[in-house]
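In TrEMBL this protein carries:
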type: TRANSMEM; residues: 6-26; note: transmembrane segment
type: TRANSMEM; residues: 47-66; note: transmembrane segment
type: TRANSMEM; residues: 78-95; note: transmembrane segment
type: TRANSMEM; residues: 107-129; note: transmembrane segment
type: TRANSMEM; residues: 135-155; note: transmembrane segment
Amino acid sequence: RGRMWVYTVGFTVLPHVGGFLGWFLNRKEIPAWYEKLKKPSWCPSRRVFPVAWTMLYTGMGYASYLVWNDLGGCSSKAIVPLGLYGAQLLLNWAWPPLFFGARNLNMALVDILCLDGLAVGTLCSWYRINRVAALLLLPYLGWLAMATCLTIRIWRDNPEQKAAKSD
C-alpha cells in the first residue's frame, strides 16, 4: 500500500508523455504552417492549448489510475476498460503528427472521429466501475468535441491542404 503513490503518479503522468512528444516533434510546424490555415473565429488561442491539455491529461491519467485500482490492477476485468483507454490515448497521441507533422487533414479528421468514439466508449465503460473516473473524462470529451469541430472546419475551409505535405 505504501507504494501506491508510484502507481498514482505513473498513471497520471503517462498521458503527458505522448502529448509532450507530439508537441515537441511538431512545434516548428505550428508557426510555419498552422498559423497560415483558415480557421474559424472561435478557434482558441495557441496559448490555451498547453494549459488545457495539461489539465485534461492530468484528469484522464488520474482517472485511469482510479479504474485500474478499482479493478485490482491488470486483471481480466481491466482488459476492455483500460484497452479502450489505451486505444483512445494512442489516437490522441497520433493526431498531432498527422495534423501538424504530415499536414494530412484527411487522416487527422479520420483519427479524431475514431478518437471521439473510443473516448465515449471509455467513459461509458468507466462509469460502471468508478463514477468519479468517468466524470473526470467529461472535460476531455468537451474539449474533444471542440477539437473535432475545429478539425472539421479546418479540413473543410482549407481544401488545398487535405492530402498531405508535398515538400
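Just so it is clear, glycine is given a Cβ too, placed from its N, Cα and C backbone atoms.
Automatic, uncurated: that is what TrEMBL annotation is.
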Leading contact stretch, 6-26, 47-66, 107-129, 135-155 vs the transmembrane segment (78-95) - CB distance under 8 Å: 107-129
Against the transmembrane segment (107-129), which of these stretches has the most C-beta pairs under 8 Å: 6-26, 47-66, 135-155? 135-155
Going along the chain, which residues at least six beyond the ends of the transmembrane segment (47-66) come within the CB cut-off of under 8 Å? 7-8, 10-16, 19, 23, 82, 85, 89, 126, 130, 132-134, 136-137, 139-140, 143
